[in-house]
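So that you can see what the record holds, here are the features copied from Swiss-Prot:
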BINDING   7, 8, 9, 10, 11, 12, 13, 14  ATP binding site
C-alpha cells in the first residue's frame, strides 16, 4: 500500500506520517517512511536551493528558473520512485510519503507554471492508493511555523501559501485518491480520521 500526506506547511504532515507508520507497525506491517525532497543528491540540491530561496544557483549563484526547479523536483522523484517506492511496494511493504508529486503540482502551479505540463512531467510517478490532504487556513499555517527557524522560500510569502492551498483543493477535485482532512483539529482527531479511511481501504470497517 502506498500512502501520501500533503498540505501546506504547518499542517502536521510529518506528525501524522509517523503516527500512521506506528499504527501499521503495531499491526505487523513492514513500513517505509519517506519524504520529498529526498536525501538523494538531487534532493539535497533542492533543499539547498529552497532553503536559500534559490540564491545558491547552479551557475555563478544565479537564481534558477521555475522550470528548472520543477525539473529538479521531477528528477529527485524519479530516483525516489525507482530506488525506493517501487521496490518497497513490490516487497509488500507499506510506503508512507511526506509529500509527493501533488506538492510539485500545487507549488509550481502557484508559481505560474502550466498545470498540464507539470502533470505530464510527473506521469512516471507511481499512483498512491490514497492521499491525505491536511487542509489548514493559511493564517493558521503561518502561526504554526512562526516558531520554526525556517528560511524556506515556500514559507516566506503569505500570498504564495494562499495560492498553494487553493491549488491543493482544486487538485483534490481532479484526483479521486485525495481525501481532505481538517487539519485544524487536534492531532488525535486528525489521526483517527485518517485511520478510519485506512480501515475502509483495507476492508476493516
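Just so you know, the numbers here start at 1 and follow the chain as drawn.
Using the three backbone atoms N, Cα and C, a Cβ is placed for every residue, glycine included.
Its Cβ placed at the centre, residue 10 (ATP binding site) has 22 other Cβ atoms within 10 Å. Least crowded of the binding-site residues (8, 11), judged by neighbouring Cβ atoms within 10 Å of its own Cβ: 11. Put plainly, the binding-site residues 7, 12 were compared by Cβ crowding within 10 Å, and the winner is 7. Comparing Cβ neighbour counts within 10 Å across the binding-site residues 9, 13, 14, the minimum falls on 14. Note: the ATP site is recorded as 7, 8, 9, 10, 11, 12, 13, 14; in the same chain, 134, 136, 141, 144, 183 also have Cβ atoms within 8 Å of that site's Cβ centroid.
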